[in-house]
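K.L.:
Take this structure first; my questions come after.
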Amino acid sequence: MRGPHAQKTGTSTEHEKVTVHDNRTTIGVVRPSKETIDVSEDNSFKEKLYSFDKVLTEESTQQDVYDVTGADLVGRVFQGVNGCVLCYGHTSSGKTYTLLGPEQAARGKADPAVSEGLVPRTLVHMFAVKERLEQADPSRTVDIHMLVYEVYMEKVYDLFSASTGKSLDIRGPDKRGSFYPHGITNHYVVRAEAAMTVLRAAARSRREQRTKRNQRSSRSHMIIQMDVIQTKTVQWEASKQPLVRQDRAASLFMVDLAGSETEDDAALSDLTRAEGRKIRLSLYTLKRVVAALSDRKGRKHVPYR
Ligand SMILES: Nc1ncnc2c1ncn2[C@@H]1O[C@H](COP(=O)(O)OP(=O)(O)OP(=O)(O)O)[C@@H](O)[C@H]1O
Ligand SMILES: [Mg+2]
């Protein structure tokens, strides 16, 4: 959790103390509530330890976030492996900021080198790799396509044509075994800056709402999908005809989830309350899917729907 409101929203309250240990892979939580009283020999409250691959704190920079997440994912997508980043957390904890950087109004004042989010950093890296690969081997081309959509009240909407107000059906699996929103706009992007311009325009159509915790709280889950398709043109010896062969294709999904919040946080209108319930239900389903996928006992059923 990196947002400036982290103290208010639950990483550390007067009842709960969260410490990031020096190795930056472990956090310790001391929770002296009545239900979990757990006292060690010297009568202090026992610290519960949780281990992660990497822990970032509210002092971590946008570059730190990129270094431990995006940098590795870009390399893998070019090897043909799909990747996914999920920004999950309490409302106003900084998910949208982490992915996209400052809001439009604050962009002019911020230094992009410091404030740019994970998505623009990823795009710059992706296009640098594309250029390097194409220069090293002229028979290779790398096409990058961008799709941006949101899941709002359990329906999928294309953020590149939000004005239609039409939801999209999910179809699949396609040739690559993937599921996709049918009829979605697929932008072929040629430069990182151009990709960010279209992305920011799409993100402005996303459903947001002013809530108690956040002036611009995201009320939908936004998915930024980048398809990287590498093709290599090879000459077929016998015919001397150029033969196009698809080499590799993989997708990177960057997901900005709507914030989890209490009914009280959301209680502004009936719609906000209904949105809050759908958000909590979908985050709960996501939690069950992640738990099933990471279950080392090999539970078979993954509750995707
Ligand atoms: N690391 C940061 N540095 C500076 N400002 C930040 C940082 N993280 C978040 N903010 C600011 O805090 C506010 C809340 O952040 P943000 O909208 O990203 O939260 P969120 O987790 O997306 O919330 P929600 O779930 O309600 O959409 C915004 O005004 C954002 O600009
Ligand atoms: Mg948000």
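Using the three backbone atoms N, Cα and C, a Cβ is placed for every residue, glycine included.
Note that TrEMBL annotation is computational and uncurated.
Feature table excerpt (TrEMBL):
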- 23-305: domain 'Kinesin motor' (DOMAIN)
- G89, H90, T91, S92, S93, G94, K95, T96: ATP binding site (BINDING)
K.L.:
Which binding-site residues from the set H90, S93, G94, K95 come near ligand 2, judged by a Cβ under 6 Å from any of its atoms?
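P.N.:
Only K95 qualify.
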K.L.:
Those binding-site residues, H90, G94, K95, T96: which ones have a Cβ sitting under 6 Å from ligand 1?
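P.N.:
Listed by sequence, the hits are G94, K95, T96.
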K.L.:
Which number gives the other C-beta atoms within 10 angstroms of the C-beta of S92 (ATP binding site), all protein chains shown included?
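P.N.:
Around the Cβ of S92 (ATP binding site), 24 other Cβ atoms lie within 10 Å.
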K.L.:
For K95 (ATP binding site), list the number of other Cβ atoms lying within 10 Å of its Cβ atom.
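P.N.:
The answer is 24 other Cβ atoms.
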K.L.:
Taking 10 A as the limit, how many CB atoms besides its own sit near the CB of S93 (ATP binding site)?
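P.N.:
Cβ-Cβ neighbours of S93 (ATP binding site) within 10 Å number 26.
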K.L.:
Among the binding-site residues T91, T96, which residue has the largest number of other Cβ atoms within 10 Å of its own Cβ?
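P.N.:
For the binding-site residues T91, T96, the Cβ with the most other Cβ atoms within 10 Å is T96.
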